Amino acid sequence: MHKLVLIRHGESTWNLENRFTGWTDVDLTPTGIEQAKNAGRLLKAEGYDFDLAYTSVLKRATRTLWHCLDEMDRTWLPVEHSWRLNERHYGALQGLNKADMAKQYGDAQVLVWRRSYDTPPPALEPTDPRCERGDIRYAGLAPEQVPLTECLKDTVARVLPYWNEAIAPTIRSGKRVLIAAHGNSIRALVKYLDGISDQDIVGLNIPNGIPLVYELDAELKPLRSYYLGDAEATAKAAAAVAAQGKA
């Protein structure tokens, strides 16, 4: 049996301000830092250890991993960064307040933008200063690989090749893997692992900074999955994520 641990980054500055973040590279809040440290302490207390970690190229996930590994005294672990683990791109909504958008367009429309499987938000213009196509961290990508908007279906399409080509073979080789990523890149992986339908994925919310453990068989099919820590606190944290897009 293999164990895989997924963790969404701790609270970011734009989580706190209830803004659509996407590929915008915002940092953790003091609360987010403490969430990441708590995750590391919890993993250590529960006897977890890792051989390799994966994360995105966005600092809120990277710093979450740093703080988590620091608490585990594992700062020396090899870490692989990939843009494919980035958050879903929220297009022209990036930087805008979710509750304000709900007041303007209605809760139902914002829920579609936030959680539907195949409906992307309005796209950024390539000339928009928020567009990441000139960002040095994506210099090795073709322009069309740097999105102007994404739905979850698009996020799945970029996450799964990385899972299949990099992460899954590492797990099959017997290495213990930790992934620190984002709400929607984790939703993409969970959808794939658990076979969640396009309709049911709308209701899945990933809380910040709480380790999600998957026990996998030899074919990397889930035997079971669970969050570490207090179940009631985890449920409250997931409910808070769900409520972010309401007026």
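The backbone N, Cα and C atoms fix where each Cβ goes, and this holds for glycine too.
Keep in mind that this is a model prediction, so the values were computed, not measured.
The active site, tele-phosphohistidine intermediate annotation in Swiss-Prot covers His9. Around His9 (active site, tele-phosphohistidine intermediate), taking its Cβ as the centre, 31 other Cβ atoms fall within 10 Å, counting all chains.
Within 10 Å of the Cβ of Glu87 (active site, proton donor/acceptor) there are 26 other Cβ atoms, across all protein chains. What Swiss-Prot lists as active site, proton donor/acceptor is Glu87.
Listed in sequence order, Phe20, Thr21, Thr24, Val26, Gly95 are the same-chain residues at least 6 apart in sequence whose CB falls under 8 Å from the CB of Trp14 (substrate binding site). According to Swiss-Prot, the feature substrate binding site maps to 8-15, 21-22, Arg60, 87-90, Lys98, 114-115, 183-184.
Secondary structure at His182 (site 'Transition state stabilizer'), taken from DSSP and collapsed to helix, strand or coil, is coil. Annotation source Swiss-Prot lists site 'Transition state stabilizer' at His182.
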**OP:** Mind checking which of Arg8, His182 has the fewest other CB atoms within 10 A of its CB? They're the recorded positions.
**Re:** His182
Original post:
So which recorded positions out of Arg8, Glu87, Arg88, Lys98 end up within 10 angstroms of His182 (site 'Transition state stabilizer'), measuring C-alpha to C-alpha?
Top reply: Arg8, Glu87, Arg88
**OP:** Would you please pick out, from the binding-site residues Gly22, Gly183, the one with the fewest other Cβ atoms within 10 Å of its Cβ?
**Re:** Gly183
Original post:
What is the Cβ neighbour count of Lys98 (substrate binding site) at a 10 Å cut-off, with all protein chains included?
Top reply: 22
**OP:** With H, G and I counted as helix, E and B as strand and the rest as coil, say where DSSP puts His9 (active site, tele-phosphohistidine intermediate).
**Re:** coil
**OP:** Specify the nearest of the recorded positions Gly22, Glu87, Arg88, Lys98, Gly183 to His9 (active site, tele-phosphohistidine intermediate), where nearness means the distance between Cα atoms.
**Re:** Gly183
